[in-house]
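S.K.: Sequence annotations record features per position, and here TrEMBL assigns FAD binding site to Glu136, Ala137. Sequence annotations record features per position, and here TrEMBL assigns domain 'Amine oxidase' to 116-558.
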Amino acid sequence: MGFSGAVSAVISGGVIQRSYLSNATSRGLPSGVDPACSGVLAFKDSDVLGSRLRLRSSRSLAKKHSSPFQVVCADCPRPELENTVNFLEAAALSASFRTSPSPARPLEVVIAGAGLAGLSTAKYLADAGHKPILLEARDVLGGKVAAWKDNDGDWYETGLHIFFGAYPNMQNLFGELGINDRLQWKEHSMIFAMPNKPGEFSRFDFPEALPAPLNGIWAILRNNEMLNWPEKVQFAIGLLPAMVGGQSYIEAQDGLTVAEWMRRQGVPDRVNDEVFIAMSKALNFINPDELSMQCILIALNRFLQEKHGSKMAFLDGNPPERLCMPIVDHIQSLGGQVQLNSRIQKIELNSDKTVKHFTLSNGSIIRGDVYVFATQVDILKLLLPQEWKEISYFKRLEKLVGVPVINVHIWFDRKLKNTYDHLLFSRSPILSVYADMSVTCKEYYDPNRSVLELVFAPAEEWISRSDSEIIDATMRELAKLFPDEIAADQSKAKIVKYHVVKTPRSVYKTVPNCEPCRPLQRSPIEGFYLAGDYTKQKYLASMEGAVLSGKLCAQAILQDYELLVARKLRNLQTEATVASVMDAKNIK
Ligand SMILES: Cc1cc2nc3c(=O)[nH]c(=O)nc-3n(C[C@H](O)[C@H](O)[C@H](O)COP(=O)(O)OP(=O)(O)OC[C@H]3O[C@@H](n4cnc5c(N)ncnc54)[C@H](O)[C@@H]3O)c2cc1C
């Protein structure tokens, strides 16, 4: 795909000063633009006009960012980058860290948890000239994207992870780290198994030639195997208020489950059964009778508004090495620290309820100027100091509870044929999505045997059962998906080995009325911040949400810089006074 046109915007002092539309400058930056502080976005020729209009209409987003920054949307051969305000905003936010004036007194920021949110917080703070100290409890990076190598050298993961076109902050991060080529983009389709026709699949194919939302509408209209015409029409009518009401309508649906919303809108049950059970399980590992409708509407909005929103990519290998390590290298190259096996056991407080220090499980004490908790919400709740528990900001966290999920890997003795180089929606009552990783992922590629990675959900009833029970149940479902190749008793394909990874508390369970309980990254405790996919950000509990939450957390710390430096100086003064009093009294 060639890009010969470029759109550039110079944003300074929080306002877009100039925007450029020029073929002549497409290979270079327009004059007056500092290359060191350019965020990168790509625009196709055909989209340039639309992009320019969007740039104009996006002035308001520039005002959100306090520090002056520039964004250059230059030539870039990345079809996955979409010309939307979301991408511009993501690039702008990234650029604001790199271009913020270097701090006279860099802050030492202690961050608990090296999942994507903690890594992102540390990365962007380091970009802004501060000193993150990232502490991870386990001996592996990545949290919910963690993975391990078994004795044969094969990797197994916490979860089968898909990167969507509608992940602007994630794609920006890949770009900033220079690892774009590690995203393996698949054809723009969604592929569902057909439970009533074992071994068959039904596809939603998004045509490249059409812009959003027409490509999505086309994909839905062209599929006649899952929904018939009257069902499609009734669903479209049900969705009309969302189309007209926009964001405020979407937010107002947080009080309803998907199933309740469908009934209220007169959408036939079959639409729920055919499409939304699979979608609910893929989004939050639960069924539509539990999931908040807001979650579905946010996903639909992103998938339908952005041309490549629902386009999917697999990482080309294991996430700790292929994604997390480059972030760590970046942090360390800027003077930050990352320590594994460093579990925070206690948050110790000063008399004014601010954080005095973190105590690790090995007894060591870690002090900083600022403290961030980027652990799962369930861990934060366990470690909350008694003195904070009645503060409403923390009290509201009670409603946020991690949902159980299980990730299953099965290595077979042969190459299975009834599969695609793509993510597949199993539409099984106990399985969600799956993929043959020996086909979809470069590092796991194997020409002779298949490696199925499957998300087992809902997992509430299964989480405490044995691995062999889980594998037996999985095999019974796989026999329906591969009727010619797999039998539950292994009389067809044989299992060479398997791994079962249970996560009893994964992403927060997005039941109705959770949204008001999601905390902002800035807490009411001076010098204490939160990051994590469960914190307030406009994406769901996802990798994109985790990365964005880290950026927002770093942004809040930068905004509070003066206050935090004043606090640091006060603390230094107090320590000096205590030391001199002790000296005077000759106390050791
Ligand atoms: C099975 C599965 C499939 C998924 N599929 C997708 C997908 O396809 N696409 C997508 O976008 N998202 C997916 N997700 C969700 C995604 O993985 C998460 O939203 C995201 O990784 C969360 O990142 P986080 O940093 O907020 O939290 P976490 O990854 O949970 O990170 C928290 C970190 O804190 C550490 N920690 C905990 N306690 C302490 C302590 N006391 N001291 C120090 N450190 C501590 C933990 O070890 C962990 O490393 C999936 C998740 C699962 C489980």
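Glycine is no exception: its Cβ is also placed from the backbone N, Cα and C atoms.
Bear in mind that TrEMBL entries carry predicted annotations, made automatically and left uncurated.
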S.K.: Looking only at the domain 'Amine oxidase' (116-558), what is the mean pLDDT?
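M.R.: Summing pLDDT over the domain 'Amine oxidase' (116-558) and dividing by its length gives 96.
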S.K.: 10 Å Cβ neighbour count around Glu136 (FAD binding site)?
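M.R.: A count of 28.
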S.K.: Going along the chain, which residues six or more apart from Ala137 (FAD binding site) have their CB under 8 A from its CB?
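M.R.: Listed in sequence order: Gly113, Asn341, Ser342, Arg343, Ile344, Ser361, Thr375.
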